[in-house]
């Protein structure tokens, strides 16, 4: 909390808050809980379209899939905890977002994990990578929710740090919707799940400041302890309770613990609460009311239930061997009152906890884009360097640790442009997540637009019509004028791109203060998207003899590219997005898929056309012969990361029909046992065996 905020609190209260009140206010006024630096700007994002049932404002967003099925989606970051204790930090990040989905009344059916680390040459970064993945794998596998996609990226700005974002998707029937707020007084507040311990105390205040040099030792107690077995029981018990229709409001005890869950639950509609803190089941002896109220122990839910229904729902919790206790009640008066063993120990106006004033930090525009010379290097050598890049090689080492098929819904597995989950016999849900901090660092506005259009292309590539988005905004300290400016520019880019496609953001997360010892991360907006796809229309893969075509224009756009990264070039101009072209090309590709004219579609993004073609070769173990004549230099055509492009494969007899729908540049043909790419006479020639060995096995070798 800042000094001017403490002064404001004293003025509003007319007195000095006691230690417990101060601790609760610190939690609620933290950046992590209050969004005080971002709230004003988040209003620029579109939040409504014909698919949206519930937009931002609760624990997760809801989209209509059909009349009987709603899709619930949310995204969270667990960056600081994962940097300090990677296993526990990542695992509890999964647990938290799963409970956010659960408390809307939905069954969690899938996870996505966009995760980022420093260069793998360093042992500390390999350690963070290994244990973040292990934390996500162990927790997701044990609760029976498949991790079906995500992205893994390595960047020098993340040295000794990690960005761990987790998205969760749930499915529900409309009649099971439960809100996170109460609409009447007199309800009992019931805590269910794990006992409360001292773990995670000050977790949200720790997440609202930069990490110091000794964070690993000093901040470990702020990281919560994961318990996936209790979470699994909590999922089943909560859903059974929800299906009775007797749960009036439901919140997960996440950041800010009981203080945050209870005050937000009652305060949204202007009610208050009495909390009997001594009734909270404790894991450790001698805990104080302050520790109880702000502990962030995991696997706990807060239910609002009518007094006459408490015993009935209590029996459900007991059936799953979950501890439960009535810890408070909803009152008409807008006050938040805490008792401890019969003694009143805190009393605050509810508004003081839930209505935190916004802060606008100074902004300073930065311009670092400049045209640069591409270093002299042969096409073959450049290809080898890019193809071996940890950002390009397969992340099978990651997703092989995840059970991505539990629940039996996974139609398209990890590693492709989007995962697809079967929702009913006819339709599936496509899900994907993307970010590009290198582009966003060069130009936050165009970089952010680029993230959105890549999400759209990834959904479209499997034949899905995009429905909605969620965003996770990872930034350094907003107190840095350049960072705050880049944050606002990012939101403008995210908004403009989504509006062009008629898409809405239904939920999201802002994570500031991502820096270690004065070293800020690059602007890293991550966007996850969902789309609806007809299962029988999904393109299943190229066949021998198929033609390969490129939809979309390739320009000389190497700024922020993977080629520049491996060559050590940090400047350049980020690729620009033409929203009209993106829309037109997306519509054309959907039509090609709908009419069954193409055998496969792949979005062109990181690594450009060269990488997209080589991925096609390795994914399906097919040879490719490609000969291209272009006005661009071979390196520019091969590795440009221009937006709006798709690789499509199709039988030769469909060529004329394809051309009628989309302007297409023929690149070559599927066949043989070699990958041959010739641009203006300059050649890359590799066996499919060599390509595949590097692609599938390189990360295992690095992590061995």
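Note: Cβ is positioned from N, Cα and C throughout, glycine not excepted.
In the record from Swiss-Prot, residues 35, 471 bind ATP; the candidate from 435, 502, 508 listed for the same site is 508. Together with 77, 78, 79, 80, 99, 296, 297, 298, 511, Swiss-Prot lists one candidate of 224, 376 for binding substrate, that being 224. Reduced to three states, the DSSP call for residue 99 (substrate binding site) is helix.
Residue 508 (ATP binding site) has 76 nearby among the recorded positions 32, 76, 298, counting only those with a Cα within 10 angstroms of its own Cα. Within 8 Å of the Cβ centroid of the ATP site, not counting the listed residues 35, 471, 508, the chain contributes 38, 42, 45, 56, 472, 473, 505, 507, 509, 510. Geometry remark: residue 35 (ATP binding site) versus residue 296 (substrate binding site), CA distance 19 Å. Using a 10 angstroms CA-CA radius around residue 509 (Mg(2+) 1 binding site), none of the binding-site residues in 252, 296, 298 qualify. In the three-state DSSP classification, residue 298 (substrate binding site) falls within coil.
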